[in-house]
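Annotated in Swiss-Prot:
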SITE      H33  site 'Important for tRNA non-discrimination'
BINDING   E176, R222, H451, R492  L-aspartate binding site
REGION    200-203  region 'Aspartate'
BINDING   R222, D223, E224, E485, G537, I538, D539, R540  ATP binding site
Amino acid sequence: MNVYRTHLCNELREEHIDQTVTLSGWVYRKRDHGKIIFVDLRDHYGITQLVFNDSDTTIFQLITTLRLESVITIKGIVKARDSSTINETLDTGSIEVIVSSINIETASDILPINIASMQDYSEDIRLTYRFLDLRRDKVKNNIILRSKVITEIRKSMENMGFIEIQTPILTSSSPEGARDYLVPSRIHHGKFYALPQAPQLFKQLLMVSGFDKYFQIAPCFRDEDARADRSPGEFYQLDIEMSFVTQEDIFNIIEPLMINIFSKFSSKTINKEFPKISYHDAMLYYGSDKPDLRNPLVIQDVTEIFRDSEFKIFNSNIKQGMVVRAIPAPNTAHNPRSFFDSKIEFAKTLGAQGLGYITFIDDSLAKGPIAKFLDKDRLDNIKLICNIKAGDSVFFVSEIADKAALFAGEVRTLLGKELNLIEENTFKFCWVIDFPYFKYDHKEKSINFFHNPFSMPQGGLEALENQDPLNILAYQYDIVCNGIEISSGAIRNHKLNIMYKAFSIAGYTKEMVDEKFKALTRAFKFGAPPHGGIAPGIDRIVMLLADVPNIREVICFPLNQSGEDLLMGSPSEIDNDHLKLLSLNIIKKT
(Lines of atoms letter the chains of each structure in order from A and count residues from 1; the text may use other names and numbers.)
(Lines give C-alpha, C1' and ligand atoms only; values in the text may rest on other atoms or scores of the structure.)
Protein backbone atom coordinates (compact mmCIF):
# COMPACT_ATOMS: atom_id res chain seq x y z
CA MET A 1 0.00 0.00 0.00
CA ASN A 2 2.68 2.50 1.11
CA VAL A 3 5.66 2.87 3.47
CA TYR A 4 3.36 2.84 6.50
CA ARG A 5 1.43 -0.34 5.79
CA THR A 6 1.12 -3.22 3.42
CA HIS A 7 -2.05 -4.38 5.18
CA LEU A 8 -4.70 -3.05 7.52
CA CYS A 9 -5.00 -4.37 11.05
CA ASN A 10 -8.09 -6.44 10.23
CA GLU A 11 -6.73 -8.09 7.07
CA LEU A 12 -4.16 -10.73 7.92
CA ARG A 13 -5.28 -14.37 7.76
CA GLU A 14 -3.71 -17.83 7.62
CA GLU A 15 -3.04 -17.39 3.89
CA HIS A 16 -0.58 -14.61 4.81
CA ILE A 17 1.57 -16.88 7.01
CA ASP A 18 5.34 -16.43 6.45
CA GLN A 19 4.79 -13.16 4.58
CA THR A 20 6.69 -10.05 5.64
CA VAL A 21 4.26 -7.24 6.36
CA THR A 22 4.24 -3.61 7.47
CA LEU A 23 1.54 -2.39 9.83
CA SER A 24 0.83 0.97 11.47
CA GLY A 25 -1.48 1.90 14.29
CA TRP A 26 -1.95 2.60 17.95
CA VAL A 27 -0.64 0.47 20.83
CA TYR A 28 -3.98 -0.69 22.20
CA ARG A 29 -2.97 -3.25 24.83
CA LYS A 30 0.30 -4.71 26.13
CA ARG A 31 0.81 -8.02 27.94
CA ASP A 32 4.25 -8.58 29.46
CA HIS A 33 5.19 -12.27 29.78
CA GLY A 34 8.80 -11.70 30.80
CA LYS A 35 10.87 -12.52 27.74
CA ILE A 36 7.93 -11.94 25.40
CA ILE A 37 5.61 -8.93 25.14
CA PHE A 38 2.34 -9.17 23.24
CA VAL A 39 0.93 -5.96 21.78
CA ASP A 40 -2.51 -5.46 20.27
CA LEU A 41 -2.00 -3.01 17.42
CA ARG A 42 -5.18 -1.11 16.50
CA ASP A 43 -6.09 0.97 13.50
CA HIS A 44 -9.47 2.19 12.23
CA TYR A 45 -10.27 -1.24 10.82
CA GLY A 46 -9.31 -3.73 13.50
CA ILE A 47 -6.62 -5.32 15.69
CA THR A 48 -3.55 -7.48 15.02
CA GLN A 49 -1.51 -9.17 17.74
CA LEU A 50 2.21 -8.36 17.62
CA VAL A 51 4.92 -10.41 19.32
CA PHE A 52 8.11 -8.82 20.68
CA ASN A 53 10.80 -11.10 22.13
CA ASP A 54 14.00 -10.21 23.93
CA SER A 55 16.29 -11.54 21.19
CA ASP A 56 16.50 -7.95 19.90
CA THR A 57 17.18 -5.97 23.06
CA THR A 58 16.79 -2.55 21.38
CA ILE A 59 13.30 -3.24 20.07
CA PHE A 60 12.34 -5.03 23.26
CA GLN A 61 13.42 -2.08 25.40
CA LEU A 62 11.50 0.36 23.21
CA ILE A 63 8.22 -1.52 23.47
CA THR A 64 8.72 -2.14 27.18
CA THR A 65 8.75 1.58 27.97
CA LEU A 66 6.30 2.73 25.32
CA ARG A 67 2.94 3.94 26.64
CA LEU A 68 -0.43 2.78 25.39
CA GLU A 69 -1.89 4.78 22.47
CA SER A 70 1.52 5.59 21.06
CA VAL A 71 1.57 5.34 17.26
CA ILE A 72 4.04 2.88 15.73
CA THR A 73 4.98 1.37 12.39
CA ILE A 74 6.34 -2.19 12.47
CA LYS A 75 7.69 -4.80 10.11
CA GLY A 76 7.43 -8.47 10.84
CA ILE A 77 6.60 -11.97 9.70
CA VAL A 78 3.10 -13.41 9.93
CA LYS A 79 2.92 -16.64 11.93
CA ALA A 80 0.13 -18.98 12.94
CA ARG A 81 -0.97 -18.80 16.54
CA ASP A 82 -0.79 -21.85 18.72
CA SER A 83 -4.20 -23.54 18.62
CA SER A 84 -4.69 -22.84 22.32
CA THR A 85 -4.28 -19.08 21.81
CA ILE A 86 -6.54 -18.56 18.78
CA ASN A 87 -8.92 -15.64 19.43
CA GLU A 88 -12.25 -16.27 17.71
CA THR A 89 -13.47 -12.74 18.52
CA LEU A 90 -10.85 -11.14 16.25
CA ASP A 91 -10.82 -11.20 12.46
CA THR A 92 -7.06 -11.75 12.74
CA GLY A 93 -7.34 -14.11 15.71
CA SER A 94 -5.64 -17.08 14.04
CA ILE A 95 -2.33 -15.28 13.32
CA GLU A 96 0.23 -13.02 14.97
CA VAL A 97 3.12 -10.93 13.66
CA ILE A 98 6.66 -11.50 14.95
CA VAL A 99 8.15 -8.00 14.94
CA SER A 100 11.56 -7.46 13.37
CA SER A 101 11.65 -3.64 13.31
CA ILE A 102 9.74 -0.77 14.86
CA ASN A 103 9.48 2.96 14.25
CA ILE A 104 7.80 5.15 16.84
CA GLU A 105 5.77 7.71 14.92
CA THR A 106 4.59 9.55 18.05
CA ALA A 107 4.79 8.59 21.72
CA SER A 108 1.72 9.10 23.87
CA ASP A 109 1.55 11.03 27.11
CA ILE A 110 -0.15 9.59 30.21
CA LEU A 111 -3.75 8.88 29.21
CA PRO A 112 -6.67 10.66 30.91
CA ILE A 113 -8.98 8.06 29.33
CA ASN A 114 -8.23 4.34 29.12
CA ILE A 115 -9.22 3.50 25.55
CA ALA A 116 -9.38 -0.25 26.15
CA SER A 117 -11.46 0.04 29.31
CA MET A 118 -15.25 -0.07 29.60
CA GLN A 119 -14.96 2.44 32.45
CA ASP A 120 -17.38 5.35 32.48
CA TYR A 121 -15.85 8.80 32.53
CA SER A 122 -17.48 12.13 33.27
CA GLU A 123 -18.83 14.00 30.28
CA ASP A 124 -16.41 16.86 30.93
CA ILE A 125 -13.42 14.50 30.67
CA ARG A 126 -14.83 12.79 27.59
CA LEU A 127 -15.53 16.04 25.74
CA THR A 128 -12.25 17.72 26.75
CA TYR A 129 -10.37 14.73 25.33
CA ARG A 130 -12.91 13.90 22.64
CA PHE A 131 -10.16 12.78 20.25
CA LEU A 132 -9.37 10.01 22.74
CA ASP A 133 -13.02 9.25 23.46
CA LEU A 134 -13.59 8.76 19.73
CA ARG A 135 -10.97 6.00 19.68
CA ARG A 136 -13.21 3.84 21.87
CA ASP A 137 -15.17 1.30 19.86
CA LYS A 138 -18.63 2.22 21.10
CA VAL A 139 -18.24 5.92 20.37
CA LYS A 140 -16.42 5.35 17.08
CA ASN A 141 -19.08 2.92 15.92
CA ASN A 142 -21.79 5.52 16.59
CA ILE A 143 -20.03 7.99 14.30
CA ILE A 144 -19.51 5.34 11.61
CA LEU A 145 -23.20 4.44 11.89
CA ARG A 146 -24.08 8.10 11.42
CA SER A 147 -22.01 8.24 8.23
CA LYS A 148 -23.66 5.10 6.84
CA VAL A 149 -27.14 6.39 7.66
CA ILE A 150 -26.50 9.70 5.89
CA THR A 151 -25.08 7.88 2.86
CA GLU A 152 -28.15 5.63 2.68
CA ILE A 153 -30.47 8.62 3.04
CA ARG A 154 -28.75 10.41 0.16
CA LYS A 155 -29.05 7.33 -2.05
CA SER A 156 -32.73 6.97 -1.20
CA MET A 157 -33.52 10.63 -1.85
CA GLU A 158 -31.73 10.61 -5.20
CA ASN A 159 -33.52 7.40 -6.19
CA MET A 160 -36.84 9.14 -5.46
CA GLY A 161 -35.95 12.03 -7.76
CA PHE A 162 -34.89 14.62 -5.19
CA ILE A 163 -32.20 17.21 -5.91
CA GLU A 164 -29.70 18.11 -3.18
CA ILE A 165 -29.27 21.88 -2.86
CA GLN A 166 -27.29 23.78 -0.21
CA THR A 167 -28.92 26.87 1.26
CA PRO A 168 -27.09 29.79 2.95
CA ILE A 169 -25.62 29.64 6.44
CA LEU A 170 -25.44 33.42 6.88
CA THR A 171 -29.00 34.67 6.66
CA SER A 172 -31.56 36.77 8.52
CA SER A 173 -33.35 36.07 11.77
CA SER A 174 -36.02 33.36 11.41
CA PRO A 175 -39.47 32.78 12.87
CA GLU A 176 -39.00 29.21 14.17
CA GLY A 177 -39.42 30.25 17.80
CA ALA A 178 -36.04 29.54 19.36
CA ARG A 179 -33.29 32.11 19.88
CA ASP A 180 -30.94 32.83 16.98
CA TYR A 181 -27.18 32.78 16.94
CA LEU A 182 -26.22 36.20 15.61
CA VAL A 183 -23.15 37.14 13.57
CA PRO A 184 -22.21 40.84 13.50
CA SER A 185 -21.42 42.34 10.12
CA ARG A 186 -18.08 44.12 9.80
CA ILE A 187 -19.14 45.96 6.66
CA HIS A 188 -22.72 46.86 7.55
CA HIS A 189 -22.42 48.76 10.80
CA GLY A 190 -24.92 47.75 13.48
CA LYS A 191 -26.39 44.89 11.45
CA PHE A 192 -26.28 41.17 12.08
CA TYR A 193 -26.59 37.93 10.19
CA ALA A 194 -28.29 34.98 11.86
CA LEU A 195 -27.30 31.34 11.58
CA PRO A 196 -30.35 29.47 10.25
CA GLN A 197 -32.60 27.68 12.73
CA ALA A 198 -33.79 25.79 9.64
CA PRO A 199 -33.77 26.48 5.89
CA GLN A 200 -37.54 27.13 6.11
CA LEU A 201 -37.86 30.17 3.88
CA PHE A 202 -35.15 29.12 1.45
CA LYS A 203 -36.71 25.74 0.76
CA GLN A 204 -40.08 27.36 0.15
CA LEU A 205 -38.42 29.82 -2.20
CA LEU A 206 -36.87 26.87 -4.05
CA MET A 207 -40.38 25.60 -4.74
CA VAL A 208 -41.38 29.03 -6.03
CA SER A 209 -38.23 28.88 -8.18
CA GLY A 210 -39.62 25.82 -9.93
CA PHE A 211 -37.68 23.01 -8.27
CA ASP A 212 -40.00 20.07 -7.65
CA LYS A 213 -38.23 17.93 -5.04
CA TYR A 214 -35.49 19.36 -2.83
CA PHE A 215 -33.43 17.90 -0.01
CA GLN A 216 -30.26 18.58 1.91
CA ILE A 217 -28.54 17.33 5.06
CA ALA A 218 -28.90 20.76 6.61
CA PRO A 219 -27.01 22.20 9.57
CA CYS A 220 -29.34 24.11 11.86
CA PHE A 221 -28.49 26.41 14.76
CA ARG A 222 -30.69 27.17 17.75
CA ASP A 223 -29.71 28.83 21.00
CA GLU A 224 -31.60 26.30 23.12
CA ASP A 225 -30.95 24.48 26.36
CA ALA A 226 -29.76 20.88 26.12
CA ARG A 227 -31.97 17.83 26.62
CA ALA A 228 -31.31 14.13 26.24
CA ASP A 229 -32.79 14.26 22.71
CA ARG A 230 -31.63 17.77 21.83
CA SER A 231 -28.12 19.07 21.43
CA PRO A 232 -27.56 22.76 22.16
CA GLY A 233 -26.25 24.89 19.35
CA GLU A 234 -25.93 22.85 16.19
CA PHE A 235 -27.86 19.91 14.81
CA TYR A 236 -28.53 18.34 11.43
CA GLN A 237 -31.77 17.48 9.70
CA LEU A 238 -32.86 15.85 6.47
CA ASP A 239 -34.57 18.89 5.04
CA ILE A 240 -37.23 18.07 2.44
CA GLU A 241 -39.65 20.16 0.38
CA MET A 242 -41.93 19.14 -2.51
CA SER A 243 -44.24 20.98 -4.88
CA PHE A 244 -47.83 20.02 -5.75
CA VAL A 245 -48.23 17.62 -2.83
CA THR A 246 -50.77 16.79 -0.16
CA GLN A 247 -50.11 15.69 3.38
CA GLU A 248 -50.49 12.05 2.30
CA ASP A 249 -47.82 12.50 -0.37
CA ILE A 250 -45.34 13.55 2.30
CA PHE A 251 -46.26 10.50 4.38
CA ASN A 252 -45.78 8.24 1.37
CA ILE A 253 -42.22 9.53 0.95
CA ILE A 254 -41.19 9.41 4.60
CA GLU A 255 -42.68 6.06 5.67
CA PRO A 256 -40.72 3.84 3.25
CA LEU A 257 -37.61 5.94 3.92
CA MET A 258 -37.87 5.35 7.68
CA ILE A 259 -38.68 1.65 7.21
CA ASN A 260 -35.63 1.25 4.96
CA ILE A 261 -33.24 3.11 7.27
CA PHE A 262 -34.40 1.49 10.50
CA SER A 263 -34.56 -1.99 8.97
CA LYS A 264 -31.12 -1.68 7.39
CA PHE A 265 -29.27 -0.42 10.45
CA SER A 266 -31.03 -2.19 13.32
CA SER A 267 -32.18 -5.71 14.14
CA LYS A 268 -35.19 -4.38 16.03
CA THR A 269 -38.65 -4.90 14.57
CA ILE A 270 -40.50 -1.97 13.02
CA ASN A 271 -44.20 -1.43 12.47
CA LYS A 272 -44.90 -1.32 8.73
CA GLU A 273 -48.08 0.73 9.18
CA PHE A 274 -47.68 4.15 10.81
CA PRO A 275 -50.91 4.99 12.68
CA LYS A 276 -52.21 8.54 12.39
CA ILE A 277 -53.23 10.09 15.71
CA SER A 278 -54.78 13.53 16.01
CA TYR A 279 -53.11 15.96 18.39
CA HIS A 280 -56.31 15.95 20.45
CA ASP A 281 -56.29 12.16 20.79
CA ALA A 282 -52.55 12.03 21.48
CA MET A 283 -52.97 14.40 24.41
CA LEU A 284 -56.10 12.61 25.64
CA TYR A 285 -55.02 8.98 25.38
CA TYR A 286 -51.25 9.29 25.87
CA GLY A 287 -50.79 12.62 27.65
CA SER A 288 -48.18 13.68 25.11
CA ASP A 289 -47.90 14.89 21.53
CA LYS A 290 -44.97 12.45 21.27
CA PRO A 291 -46.69 9.19 22.24
CA ASP A 292 -44.57 6.14 22.95
CA LEU A 293 -46.69 3.35 21.49
CA ARG A 294 -44.44 0.68 23.01
CA ASN A 295 -46.28 1.47 26.24
CA PRO A 296 -49.69 -0.27 26.08
CA LEU A 297 -51.32 1.92 28.75
CA VAL A 298 -54.09 4.17 27.44
CA ILE A 299 -55.42 7.14 29.41
CA GLN A 300 -59.19 7.61 29.45
CA ASP A 301 -61.41 10.58 30.18
CA VAL A 302 -63.80 9.69 33.03
CA THR A 303 -65.11 13.18 33.74
CA GLU A 304 -68.75 12.19 33.19
CA ILE A 305 -68.47 9.24 35.56
CA PHE A 306 -67.45 11.56 38.39
CA ARG A 307 -69.92 14.32 37.51
CA ASP A 308 -72.53 14.60 40.30
CA SER A 309 -70.83 11.77 42.22
CA GLU A 310 -70.37 11.67 45.98
CA PHE A 311 -66.65 12.31 45.58
CA LYS A 312 -66.82 16.02 46.29
CA ILE A 313 -63.28 16.98 45.30
CA PHE A 314 -63.60 15.78 41.71
CA ASN A 315 -67.24 16.85 41.48
CA SER A 316 -66.29 20.39 42.52
CA ASN A 317 -63.40 20.44 40.04
CA ILE A 318 -65.71 19.37 37.22
CA LYS A 319 -68.13 22.19 38.03
CA GLN A 320 -65.19 24.59 37.67
CA GLY A 321 -64.43 23.27 34.18
CA MET A 322 -61.78 20.71 35.08
CA VAL A 323 -61.58 17.14 33.80
CA VAL A 324 -60.79 13.75 35.30
CA ARG A 325 -58.35 11.41 33.58
CA ALA A 326 -57.80 7.75 34.44
CA ILE A 327 -54.53 5.84 34.04
CA PRO A 328 -54.79 2.04 34.36
CA ALA A 329 -52.16 0.11 36.31
CA PRO A 330 -52.52 -3.61 35.51
CA ASN A 331 -51.84 -6.27 38.13
CA THR A 332 -51.16 -3.80 40.94
CA ALA A 333 -54.26 -4.16 43.13
CA HIS A 334 -52.33 -6.24 45.65
CA ASN A 335 -49.26 -3.98 45.66
CA PRO A 336 -48.26 -2.45 49.02
CA ARG A 337 -49.47 1.00 50.04
CA SER A 338 -45.99 2.39 49.36
CA PHE A 339 -46.47 1.72 45.63
CA PHE A 340 -49.49 4.00 45.50
CA ASP A 341 -47.97 6.62 47.81
CA SER A 342 -44.90 6.89 45.57
CA LYS A 343 -47.09 7.68 42.56
CA ILE A 344 -48.92 10.36 44.53
CA GLU A 345 -45.61 11.95 45.52
CA PHE A 346 -44.39 11.74 41.93
CA ALA A 347 -47.47 13.61 40.71
CA LYS A 348 -46.91 16.29 43.33
CA THR A 349 -43.37 16.87 42.05
CA LEU A 350 -44.95 17.67 38.67
CA GLY A 351 -47.23 20.28 40.22
CA ALA A 352 -50.36 18.17 40.65
CA GLN A 353 -52.26 18.29 43.92
CA GLY A 354 -52.05 14.52 44.04
CA LEU A 355 -53.56 11.36 42.59
CA GLY A 356 -56.61 9.35 43.46
CA TYR A 357 -56.73 5.61 42.94
CA ILE A 358 -58.97 2.57 43.10
CA THR A 359 -57.81 -1.03 43.43
CA PHE A 360 -60.09 -3.68 41.97
CA ILE A 361 -59.27 -6.62 44.23
CA ASP A 362 -61.69 -8.96 42.47
CA ASP A 363 -64.83 -8.72 40.35
CA SER A 364 -66.94 -7.52 43.27
CA LEU A 365 -64.51 -5.69 45.57
CA ALA A 366 -63.02 -2.24 44.95
CA LYS A 367 -60.83 -0.45 47.49
CA GLY A 368 -58.93 2.80 47.81
CA PRO A 369 -59.59 6.37 48.92
CA ILE A 370 -62.14 7.00 46.16
CA ALA A 371 -63.98 3.68 45.86
CA LYS A 372 -66.38 4.24 48.76
CA PHE A 373 -67.74 7.41 47.11
CA LEU A 374 -68.78 5.63 43.91
CA ASP A 375 -71.75 3.35 43.39
CA LYS A 376 -71.55 0.05 41.54
CA ASP A 377 -72.65 1.50 38.21
CA ARG A 378 -69.90 4.13 38.27
CA LEU A 379 -67.29 1.55 39.28
CA ASP A 380 -68.46 -0.77 36.50
CA ASN A 381 -68.23 2.08 33.98
CA ILE A 382 -64.65 2.80 35.06
CA LYS A 383 -63.77 -0.87 34.60
CA LEU A 384 -65.41 -0.89 31.17
CA ILE A 385 -63.89 2.34 29.86
CA CYS A 386 -60.41 1.61 31.23
CA ASN A 387 -60.46 -2.08 30.29
CA ILE A 388 -59.87 -3.09 33.90
CA LYS A 389 -59.89 -6.66 35.13
CA ALA A 390 -59.71 -8.15 38.62
CA GLY A 391 -56.31 -7.42 40.17
CA ASP A 392 -55.83 -4.09 38.35
CA SER A 393 -55.77 -0.56 39.72
CA VAL A 394 -56.61 2.84 38.27
CA PHE A 395 -55.05 6.20 39.08
CA PHE A 396 -56.98 9.45 38.63
CA VAL A 397 -55.92 13.05 38.13
CA SER A 398 -58.27 16.04 38.08
CA GLU A 399 -57.10 19.34 36.63
CA ILE A 400 -57.75 21.71 33.76
CA ALA A 401 -57.43 19.76 30.50
CA ASP A 402 -53.88 20.80 29.57
CA LYS A 403 -52.45 20.05 33.00
CA ALA A 404 -54.45 16.84 33.35
CA ALA A 405 -52.97 15.61 30.07
CA LEU A 406 -49.44 16.47 31.20
CA PHE A 407 -49.77 14.84 34.62
CA ALA A 408 -51.56 11.75 33.30
CA GLY A 409 -48.96 11.34 30.55
CA GLU A 410 -46.07 11.44 33.00
CA VAL A 411 -47.77 8.91 35.29
CA ARG A 412 -48.44 6.68 32.27
CA THR A 413 -44.76 6.80 31.35
CA LEU A 414 -43.67 6.04 34.91
CA LEU A 415 -46.06 3.10 35.24
CA GLY A 416 -44.98 1.71 31.87
CA LYS A 417 -41.36 1.64 33.02
CA GLU A 418 -41.93 0.45 36.60
CA LEU A 419 -44.32 -2.32 35.59
CA ASN A 420 -42.03 -3.45 32.73
CA LEU A 421 -44.75 -2.87 30.17
CA ILE A 422 -42.57 -1.19 27.53
CA GLU A 423 -42.16 -3.45 24.51
CA GLU A 424 -38.44 -3.96 23.92
CA ASN A 425 -36.49 -4.40 20.69
CA THR A 426 -38.98 -2.60 18.50
CA PHE A 427 -39.51 0.75 16.81
CA LYS A 428 -43.07 2.04 17.02
CA PHE A 429 -43.70 4.89 14.60
CA CYS A 430 -46.78 7.07 14.37
CA TRP A 431 -47.92 10.33 12.84
CA VAL A 432 -49.42 13.05 15.02
CA ILE A 433 -51.69 15.18 12.84
CA ASP A 434 -54.36 17.91 13.07
CA PHE A 435 -52.44 20.26 15.33
CA PRO A 436 -54.16 23.46 16.44
CA TYR A 437 -53.35 26.38 14.17
CA PHE A 438 -53.44 28.97 16.95
CA LYS A 439 -53.01 28.98 20.72
CA TYR A 440 -53.92 31.46 23.41
CA ASP A 441 -51.01 33.02 25.28
CA HIS A 442 -52.34 33.54 28.80
CA LYS A 443 -49.32 35.60 29.81
CA GLU A 444 -49.57 38.01 26.87
CA LYS A 445 -53.37 37.66 26.68
CA SER A 446 -53.17 37.24 22.92
CA ILE A 447 -53.55 34.66 20.17
CA ASN A 448 -50.37 33.30 18.64
CA PHE A 449 -49.41 30.55 16.23
CA PHE A 450 -49.36 27.14 17.86
CA HIS A 451 -46.43 25.95 15.78
CA ASN A 452 -45.38 26.80 12.21
CA PRO A 453 -46.77 30.15 11.01
CA PHE A 454 -46.27 29.18 7.37
CA SER A 455 -48.58 26.16 7.40
CA MET A 456 -51.93 26.06 5.64
CA PRO A 457 -54.99 26.22 7.91
CA GLN A 458 -57.53 23.48 7.38
CA GLY A 459 -60.53 25.18 5.78
CA GLY A 460 -58.38 27.93 4.27
CA LEU A 461 -59.56 31.54 4.24
CA GLU A 462 -63.14 30.61 5.10
CA ALA A 463 -62.03 29.04 8.37
CA LEU A 464 -59.94 32.08 9.28
CA GLU A 465 -62.85 34.43 8.60
CA ASN A 466 -65.68 32.46 10.20
CA GLN A 467 -64.36 30.10 12.89
CA ASP A 468 -63.10 30.62 16.42
CA PRO A 469 -59.32 30.80 15.83
CA LEU A 470 -58.68 28.37 18.67
CA ASN A 471 -60.81 25.74 16.90
CA ILE A 472 -58.93 25.92 13.59
CA LEU A 473 -56.63 23.02 12.77
CA ALA A 474 -53.48 23.12 10.65
CA TYR A 475 -52.03 20.87 7.98
CA GLN A 476 -49.14 20.15 10.32
CA TYR A 477 -47.76 16.77 11.26
CA ASP A 478 -45.07 15.19 13.41
CA ILE A 479 -43.50 11.79 12.96
CA VAL A 480 -42.75 10.14 16.30
CA CYS A 481 -40.80 6.99 17.15
CA ASN A 482 -40.71 5.44 20.63
CA GLY A 483 -41.77 8.70 22.25
CA ILE A 484 -39.19 10.82 20.42
CA GLU A 485 -40.21 13.40 17.85
CA ILE A 486 -38.23 12.63 14.71
CA SER A 487 -39.59 15.53 12.70
CA SER A 488 -42.22 18.19 12.24
CA GLY A 489 -43.61 19.15 8.88
CA ALA A 490 -46.46 20.97 7.19
CA ILE A 491 -48.29 21.73 4.01
CA ARG A 492 -47.35 25.36 3.46
CA ASN A 493 -49.58 28.36 3.06
CA HIS A 494 -48.80 29.44 -0.51
CA LYS A 495 -51.59 32.05 -0.83
CA LEU A 496 -50.84 35.58 0.28
CA ASN A 497 -54.41 36.50 1.19
CA ILE A 498 -54.61 33.52 3.57
CA MET A 499 -51.17 34.31 4.97
CA TYR A 500 -52.02 37.96 5.68
CA LYS A 501 -55.29 36.94 7.34
CA ALA A 502 -53.60 34.30 9.51
CA PHE A 503 -50.91 36.71 10.64
CA SER A 504 -53.50 39.43 11.34
CA ILE A 505 -55.24 37.09 13.81
CA ALA A 506 -51.87 36.67 15.52
CA GLY A 507 -51.49 40.45 15.74
CA TYR A 508 -49.37 41.23 12.67
CA THR A 509 -50.27 43.89 10.13
CA LYS A 510 -49.75 43.34 6.41
CA GLU A 511 -46.86 45.80 6.54
CA MET A 512 -45.22 43.87 9.38
CA VAL A 513 -45.49 40.60 7.46
CA ASP A 514 -44.06 42.18 4.31
CA GLU A 515 -41.17 43.64 6.26
CA LYS A 516 -40.33 40.51 8.27
CA PHE A 517 -40.78 37.99 5.44
CA LYS A 518 -40.32 40.21 2.41
CA ALA A 519 -38.50 37.59 0.33
CA LEU A 520 -41.38 35.15 0.73
CA THR A 521 -44.23 37.59 0.23
CA ARG A 522 -42.50 39.09 -2.80
CA ALA A 523 -41.97 35.64 -4.31
CA PHE A 524 -45.57 34.58 -3.70
CA LYS A 525 -46.74 37.40 -5.98
CA PHE A 526 -45.14 35.68 -8.96
CA GLY A 527 -46.73 32.23 -8.91
CA ALA A 528 -46.25 29.98 -5.89
CA PRO A 529 -47.14 26.29 -6.23
CA PRO A 530 -48.86 24.34 -3.46
CA HIS A 531 -45.99 22.80 -1.51
CA GLY A 532 -45.09 21.06 1.70
CA GLY A 533 -42.22 19.48 3.52
CA ILE A 534 -40.70 17.86 6.54
CA ALA A 535 -37.27 17.66 8.18
CA PRO A 536 -36.38 14.46 10.09
CA GLY A 537 -33.59 14.98 12.61
CA ILE A 538 -30.42 13.11 11.66
CA ASP A 539 -29.08 13.14 15.22
CA ARG A 540 -32.30 11.69 16.66
CA ILE A 541 -32.52 8.99 14.00
CA VAL A 542 -28.97 7.85 14.73
CA MET A 543 -29.57 8.07 18.48
CA LEU A 544 -32.48 5.65 18.14
CA LEU A 545 -30.53 3.30 15.87
CA ALA A 546 -27.49 3.33 18.16
CA ASP A 547 -29.79 2.72 21.14
CA VAL A 548 -28.14 5.38 23.28
CA PRO A 549 -29.99 7.61 25.77
CA ASN A 550 -28.20 10.86 24.91
CA ILE A 551 -27.96 12.59 21.56
CA ARG A 552 -24.39 13.75 22.26
CA GLU A 553 -23.28 10.11 21.90
CA VAL A 554 -23.89 10.26 18.14
CA ILE A 555 -22.36 13.70 17.46
CA CYS A 556 -18.66 13.78 16.73
CA PHE A 557 -17.77 16.99 18.55
CA PRO A 558 -20.81 18.01 20.62
CA LEU A 559 -21.27 20.88 23.01
CA ASN A 560 -21.88 19.96 26.63
CA GLN A 561 -25.14 20.59 28.47
CA SER A 562 -24.07 24.16 29.14
CA GLY A 563 -23.47 24.86 25.47
CA GLU A 564 -19.68 24.80 25.80
CA ASP A 565 -17.13 23.15 23.53
CA LEU A 566 -14.63 21.89 26.10
CA LEU A 567 -12.26 20.63 23.42
CA MET A 568 -11.87 23.91 21.52
CA GLY A 569 -12.64 26.23 24.43
CA SER A 570 -15.68 27.96 22.99
CA PRO A 571 -17.49 30.20 23.45
CA SER A 572 -14.47 32.38 24.12
CA GLU A 573 -13.75 36.02 24.67
CA ILE A 574 -12.49 38.11 21.77
CA ASP A 575 -9.93 40.86 22.00
CA ASN A 576 -10.74 44.57 22.00
CA ASP A 577 -9.38 45.10 18.48
CA HIS A 578 -11.83 42.55 17.13
CA LEU A 579 -14.68 44.11 19.09
CA LYS A 580 -13.78 47.54 17.73
CA LEU A 581 -13.65 46.20 14.16
CA LEU A 582 -17.21 44.90 14.58
CA SER A 583 -18.40 48.04 16.41
CA LEU A 584 -19.31 45.96 19.47
CA ASN A 585 -19.11 46.72 23.16
CA ILE A 586 -19.46 44.13 25.93
CA ILE A 587 -21.87 45.17 28.68
CA LYS A 588 -21.12 43.39 31.93
CA LYS A 589 -24.06 41.70 33.62
CA THR A 590 -24.94 43.15 36.98
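For all residues, glycine too, the Cβ spot is worked out from N, Cα and C.
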H451 (L-aspartate binding site) versus E485 (ATP binding site) - Cα distance in angstrom: 14
For D223 (ATP binding site), the one of H33, H451, R492 that lies nearest, given that the recorded positions are compared by Cα: H451
Alpha-carbon spacing, E224 (ATP binding site) to R492 (L-aspartate binding site), which is rounded to whole Å: 25
Secondary structure content, the region 'Aspartate' (200-203) (per DSSP, counts of residues): 4 helix, 0 strand, 0 coil
Closest of R492, G537, I538, D539 to H33 (site 'Important for tRNA non-discrimination'), Cα positions, binding-site residues only: D539
Where E224 (ATP binding site) sits in the secondary structure, as DSSP reduces it to three classes: coil
Minimum Cα separation from G537 (ATP binding site), reported as the residue among binding-site residues R222, H451, R492 that achieves it: R222
By Cα-Cα distance, the member of binding-site residues R222, H451, R492 nearest R540 (ATP binding site): R222
